[in-house]
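Colleague: Below you'll find the structure I mean.
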Amino acid sequence: MNWFTKLLPKISTAKKKGVPEGVWHKCPSCTAVLYRVELERNLEVCPKCYYHIRLDPRKRLAQFLDEGEQEELAEDILPVDRLKFRDSKKYKDRLSAAQKATEEKEALVVYKGNIYGNPIVAAAFNFFFVGGSMGAAVGERFAAGVEAAISERLPFVCFSTSGGARMQEGLFSLFQMAKTSAVLARLAEYKLPYISVLTDPTMGGVSASLAMLGDVIIAEPNALIGFSGPRVIEQTIRQTLPEGFQRSEFLLEHGAIDMVVDRRELKSTIASLITKLTHQPPPDLPVEESV
């Protein structure tokens, strides 16, 4: 500091106050900066580009089920490292990290609740937990949810988002494709509806089993749905895939799914489908949803 700066009066600068964390959210698709409260009110659908932001399972089911009496099922079924598997990291360490990051014990949550007053069993995958992959505990939780629906003669709904089978569990993971398919066959024997909702992304062993076995298969807009990813397919066949390949709209156009439904209309759409499939009176929808 020289003699000149000593003569200058000191200027006090106020500290810039930071914006509290979580107030704003940047859309992953159009990069618009969105007010978090407005986004939640819009069910995590970007109002600018209509991109459907990925949801954790509890937020998903909170949007779908009526407020009030809800019962979580099969939460005591936990993952086990039977193979003592290790790649670049121990499987048990991956599980611990996922449980800490998501505050969940597994990649599937199952609830019994109501939609517009009608009882239902609903399950939702968690893509933030090891990519929503299906291991033995996920398959067992799913089966427990379906068995609960059978025992109480209720419809079953599943929101899928998954990278596929959990490779760290080897054949134990692949067994779940057969297990979930078998228990859904039992549900069908009792003539109880199964609505499968495919969200972004639904891939691998989940798409090749439980996700595609619904009486009605619904997808959210622009969801990636398939077995292998498009890059893997292009490298294998050495051809460029059609535009929009493996996206919801492409699958609807080619007859692989039944409907593409905006998230904000899912609850009313599924409620109407279930009443038709179970020969019940139409649900008493709020005015804004029945218009």
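Cβ coordinates are placed from backbone N, Cα and C, and glycine is handled just like the others.
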Colleague: Could you check which of 27-49, 142-164, 188-210 is flagged in Swiss-Prot as zinc finger?
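Modeller: Going through 27-49, 142-164, 188-210 one by one, Swiss-Prot flags 27-49 as zinc finger.
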Colleague: At 10 angstroms around each C-beta, which of the binding-site residues Cys27, Cys49 has the fewest other C-beta atoms nearby?
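Modeller: Checked Cys27, Cys49; of these binding-site residues, fewest Cβ neighbours within 10 Å: Cys49.
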Colleague: Using the recorded Zn(2+) site (Cys27, Cys30, Cys46, Cys49) as reference, state which further residues of the same chain have their Cβ within 8 Å of the centre of those residues' Cβ atoms, listed in sequence order.
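Modeller: The answer, listed by sequence position, is Pro28, Ser29, Thr31, Ala32, Leu34, Pro47, Lys48, Tyr50, Tyr51.
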Colleague: Could you give me the DSSP helix, strand and coil counts for the zinc finger (27-49)?
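Modeller: Split by secondary structure, the zinc finger (27-49) comes out as 6 helix, 4 strand, 13 coil.
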Colleague: Return the count of C-beta atoms lying within 10 angstroms of the C-beta of Cys46 (Zn(2+) binding site), excluding that atom itself.
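Modeller: Counting Cβ neighbours of Cys46 (Zn(2+) binding site) within 10 Å gives 20.
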